[in-house]
């Protein structure tokens, strides 16, 4: 079967290429239905990655957040028409200690390997997770980002001290919003505070215990643990504030991505006995557990729906460009592509 793949060939320039798909191989053929644009996709689209990185990784199909529909499974494991969420991380080996998303041998879609902007995607059976029949597929298209937050929380749970009466989340964007939803559900007895820069964005966090602008944090405010969801240049200020307001032996989960090194007040880190926990991406088990949360707590999906900024019906290559350009100017939320091309 001939498949069309829509690749970024240079910043802001897409082209279509073709590949031959063996539908009778040991894989599942999935038709993407809804895709969601990530900040990492935008760094490629706008050319904000290092020039050597762009030269090495392009041309490449973008987007690693998507849901789709099974169109063919030669093994018969999944029925035709089954709605699934696709897992972008693809391991080539298993390790009894190291998680699949930290193995150097794993590859990740839309990061040096083609993402989900294709007519059909060839997926291994363990790289798709079936979804409930009545779920909102448009909202669930950004499940990958939910799984990233969930994975970070699980790492935090395993590595932190038992005292968990209060959490601080630095970052009022998409990742901060999702992390706040999950922390409120997984730790219902704990206080959850969100720290951000924009009143408009902070107004969406009505379900947490309190919100603060980063330049008006009370001096006496203390938290047990923190989640840094800022990224970029703001990571340094966020970490500075976290280290100042976190209690002794607290843990700091680092989720924000910065292209440049950031300074950390190691004197206070040592003095307070703090633990910094790095986290990146997620694996198939995280996706499975997130979908289980959707089933158990439908209100999670309702809150996630408020994160959707725009939904673009993509019928042509120009629609793809329009979607990425619109996403750049979006002040809040995720841009979803209804994939009808």
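FYI, residue positions are counted from 1 along the chain as it appears here.
Each residue, glycine too, has its Cβ placed from N, Cα and C.
The Cβ of residue 65 (Zn(2+) binding site) lies under 8 Å from the Cβ of 35, 36, 37, 38, 88, 116, 141, 142, 143, 144, 145, each on the same chain and at least six residues away in sequence. Per Swiss-Prot, Zn(2+) binding site is recorded for 38, 64, 65, 144.
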Q. Within 8 Å of the Cβ centroid of the Zn(2+) site residues 38, 64, 65, 144, which other residues of the same chain have their Cβ?
A. 36, 40, 41, 63, 66, 88, 110, 142, 145
Q. How many other Cβ atoms sit within 10 Å of the Cβ of residue 38 (Zn(2+) binding site)?
A. 24
**Q.** Cβ packing number for residue 64 (Zn(2+) binding site), 10 Å threshold
**A.** 25
